[in-house]
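Per TrEMBL, active site, proton acceptor is recorded for His168. The feature substrate binding site is assigned by TrEMBL to Asp126, Gly176, Tyr331. Feature annotation from TrEMBL assigns divalent metal cation binding site to Asp203, His205, Asp292. The domain 'Histone deacetylase' feature in TrEMBL is assigned to 54-346.
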Amino acid sequence: MYSLPTFSSQQYFYDPESGSSSQPRSRNIQSHSSPVVSYYYPKGCGFYHYGERHPMKPHRLTLTNSLVIGYGLHQKMDHFFSPRSATQAELEEYHDPDYVDFLRRLVGVGSGLMKEGQDCFNFGEDCPVFDGLYDFVRQYAGASLVAARKLAQGTTDIAINWSGGLHHAKKSEASGFCYVNDIVLAILELLRYYPRVLYIDIDIHHGDGVEHAFYHSNRVMTVSFHKYNGDFFPGTGKVEDNGIGLGKYFALNLPLQDGIDDESYVRLFKDVMGPVIKKFSPSAIVLQCGADSLGCDRLGAFNLSINAHGDCVEFIKTFNLPLLVLGGGGYTIRNVSRCWTYETSILLDTQLSEQLPDTPFNRFFSPDYTLHPKIV
């Protein structure tokens, strides 16, 4: 039986100005009946291309944004941003400077750099070099960083960045289609102001990069619901992997088998996350909503519907904590975009028509043109 650790009731925050810890500052929460919601969409982030046969398609971000706007959800948001890109220095808050410098030098790729990437930084078939790669990673990381800062400042309650959530990247290597770990960067930013941050991952793949970054920490708890059989990428995330040192029991893994259905998944999610949030008492939550856990995903093997995936988001929203919501995996892009649009509506407390709005991308949603097609 997994036992959650006991936490002190006294909370502290880290002041980046003085470098010291003290009593937490109060959040400047606006007086309102509904949460303040901010949405981050880096302009052009959906135009990048990993390669003709590569399963990762950034175009899913364009489809998502077109549906969000088509439904008029942008008009219900308090803030709708195209944020600035992350700087090299900001990427180096977590990533090794040599690795970030390599990413920067990939402009005008030559054979020498390709060999360096393969030998030193795990570039290859899963993590190819493509045109504009450095700009791409700076865009999605920048969006997550700006979102985290808005949460920390108390000027927003919920921040959404569907371009983020790339949870496999390590400190000095690419992994699993991920080059820069925007989640780790965002959590580090939140930790400047909040004593404890809870990270939740509902991608079908184990959130190994985030877990690894905070495996020794008792200020970040990572919880990952994922497929595990020892072979499925990334091959990590056993139930007994639960942290080291101060971080012992601050990593919680829920390894699952193929075919889990809506009822089982949502019941497990609520039965686990309710007690975790009560016991850990996080100051903020980061929720990675990888949509490859949906049924019929190109790389996934679960049977979740869009409704069930959204039920997890809705449940976490009920705790009324500062919440950063990110994308992640998802490789049947017509369903990814439907899912993230639906979850945007949940975060906005808005009902959507089952009939999809007209967009320039209608052909992707043929033949049903509905928000909740049967995908199990």
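Backbone N, Cα and C define each Cβ position, glycine as well.
Everything TrEMBL records as a feature, shown here on the structure.
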residue : record                             : Cβ neighbours (10 Å)
Asp126  : substrate binding site             : 17
His168  : active site, proton acceptor       : 27
Gly176  : substrate binding site             : 21
Asp203  : divalent metal cation binding site : 26
His205  : divalent metal cation binding site : 27
Asp292  : divalent metal cation binding site : 24
Tyr331  : substrate binding site             : 21
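Within 8 Å of the centroid defined by the CB atoms of Asp126, Gly176, Tyr331, the record's substrate site, lie the Cβ atoms of Pro55, Met56, His168, Phe177, Cys178, His205, Phe233, Leu299, Gly329, excluding the listed residues themselves. Spatially, by CA atoms, the binding-site residues Asp126, Gly176, Asp203, Asp292, Tyr331 include one closest to His168 (active site, proton acceptor), and that is Gly176. Sitting within 8 Å of the Cβ centre of Asp203, His205, Asp292, and not among those site residues for divalent metal cation, are the Cβ atoms of Ile204, His226, Gly290, Ser293, Leu299, Gly300, Gly328, Gly329, Gly330. Here the C-alpha separation of Tyr331 (substrate binding site) and Asp203 (divalent metal cation binding site) works out to 11 Å. Cα of Asp126 (substrate binding site) to Cα of His205 (divalent metal cation binding site): a distance of 14 Å. Calculated from their C-alpha atoms, the gap between His205 (divalent metal cation binding site) and Gly176 (substrate binding site) amounts to 9 Å.
Taking the domain 'Histone deacetylase' (54-346) as a whole, pLDDT averages 95 in the prediction.
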